[in-house]
């Protein structure tokens, strides 16, 4: 662990994350014409935290109360059989539901796109949104599916072997995005 | 490699809590209009029932189907078993059909354990003789936690025919693991030999135990096994160990009443008590599906199970589970 820490470089610090989320909140308001009938759904755990932060900012800027929730995708993953059964995250749908609304999925890191694919399947089972958009704090590239983000905090060029780790105050006690280089032992 | 659920005693505290927490998330799925998840698509679950059971079989069937597994129901009546086929031959037949999990109910204690040495898939004990019924204990614990918010330190009275009850044994083991304090209440004739070695208290006096209990679990008097005169008459049993309105009144206000079903109304529990809002009897049925989904998911949902015990036979252990 400490070895990996030594190889880690902070690419975003607290204030950078703050500014990125502020910009994304503005972009959502702009593109959805004041966040009308928008629902923010975070992918647990850190996506759910980011979704709540975005909702707070949107409320701050324009006084709109956007419904916010979480959608767990574990049961929809395509790699379940590659690892032991994993614990489930929490799905919390806002009372308003998703039918006929614009759902903005929120995740911390966009990588292969497989998580988002699973989220689209999960969403399909809870209702029929009018449109689905995707917001991500970091887009690190290396897509394996035809998926792209509508709102991106930072485009981060990475090597495939590197790891991107997002820390958030609510779950990890601090805000930071780290790029971790694999040890070439 | 862990891959079976045969005894509640095999579950560590972490295993048990993982099942309950997983069930808690899955309960939300049961509330929405599309109740199906794609998780076990392409996996086969065989319900192997050598003993009559409606609720447990249907519950396992619903759980497997909600996870998109294929379900094959096999009951001893009208099968080759009535022609004299042995458990082993039946098991080998199922094996050839490629069962990823076998849910077994059998009149002989230990049958699931034996089966686990013959099949490659996960074995889930759905009740064996007077031995164990671990998923019932899990759903009981889940129901208690949902109603009362905790299990640690909870005072649970299990009342009635403990001798013939696999539910009682599994509950004593699981609730002990989860930190609840269990008291068994029964006439001396309906307590098993060596009950003093179980991790629980024993009492013959229901009225003394009731006021101190948070949960009262009434067991069914198994009339089909009452051929040895365990008590003088049904009426006398009901007087001393039945939960009627007067006894119900002696419980504290937050205490709940449970029963694994099927009930003998008027015998161990009065209709009034069974239908009261503090009875969890119908909730237990709904929770049964959720908890069994959690168990099937944790056993079959990954490359290897996240809960359960190792196979008894090391030769079988080396064969990867669930891979076909």
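The first residue you see is number 1, and the count goes up from there.
Cβ coordinates are placed from backbone N, Cα and C, and glycine is handled just like the others.
Copied over from TrEMBL, here are the features:
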type: DOMAIN; residues: B:3-145; note: domain 'Aspartate/ornithine carbamoyltransferase carbamoyl-P binding'
type: BINDING; residues: B:55, B:56, B:105, B:133, B:136, B:261, B:262; note: carbamoyl phosphate binding site
type: BINDING; residues: B:83, B:166, B:220; note: L-aspartate binding site
type: DOMAIN; residues: B:152-299; note: domain 'Aspartate/ornithine carbamoyltransferase Asp/Orn-binding'
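Between the CA atoms of residue B:56 (carbamoyl phosphate binding site) and residue B:220 (L-aspartate binding site) there is a gap of 15 Å. Taking H, G and I as helix, E and B as strand and the rest as coil, DSSP gives the domain 'Aspartate/ornithine carbamoyltransferase carbamoyl-P binding' (B:3-145) the counts 66 helix, 29 strand, 48 coil. Per DSSP, the domain 'Aspartate/ornithine carbamoyltransferase Asp/Orn-binding' (B:152-299) is made up of 64 helix, 24 strand, 60 coil.
Look at the binding-site residues B:56, B:136 and count other Cβ atoms within 10 Å of each Cβ; B:56 has the fewest.
Look at the Cβ of each of the binding-site residues B:55, B:133, B:220 and count the other Cβ atoms within 10 Å; the largest number goes with B:133.
Here the binding-site residues are B:261, B:262, and the one with the most other Cβ atoms within 10 Å of its Cβ is B:261. If you measure from the Cα atom of residue B:136 (carbamoyl phosphate binding site) to that of residue B:220 (L-aspartate binding site), you get 14 Å. Rounded to a whole number, the C-alpha distance linking residue B:105 (carbamoyl phosphate binding site) with residue B:220 (L-aspartate binding site) is 18 angstrom. Within 8 Å of the Cβ centroid of the carbamoyl phosphate site, not counting the listed residues B:55, B:56, B:105, B:133, B:136, B:261, B:262, the chain contributes B:53, B:59, B:126, B:127, B:167, B:260. Just so you know, the Cβ of residue B:105 (carbamoyl phosphate binding site) picks up 25 other Cβ atoms within 10 Å once every protein chain is counted.
Across the structure, residue B:166 (L-aspartate binding site) and residue B:262 (carbamoyl phosphate binding site) are spaced 14 Å apart at their Cα atoms. Residues B:55, B:56, B:105, B:133, B:136, B:261, B:262 are recorded as binding carbamoyl phosphate; their most distant pair of Cα atoms lies 16 Å apart. Of all the Cβ atoms in the protein chains shown, 22 others lie within 10 Å of the Cβ of residue B:166 (L-aspartate binding site).
If you compare Cα positions, residue B:220 (L-aspartate binding site) sits closest to B:261 out of the binding-site residues B:55, B:133, B:261.
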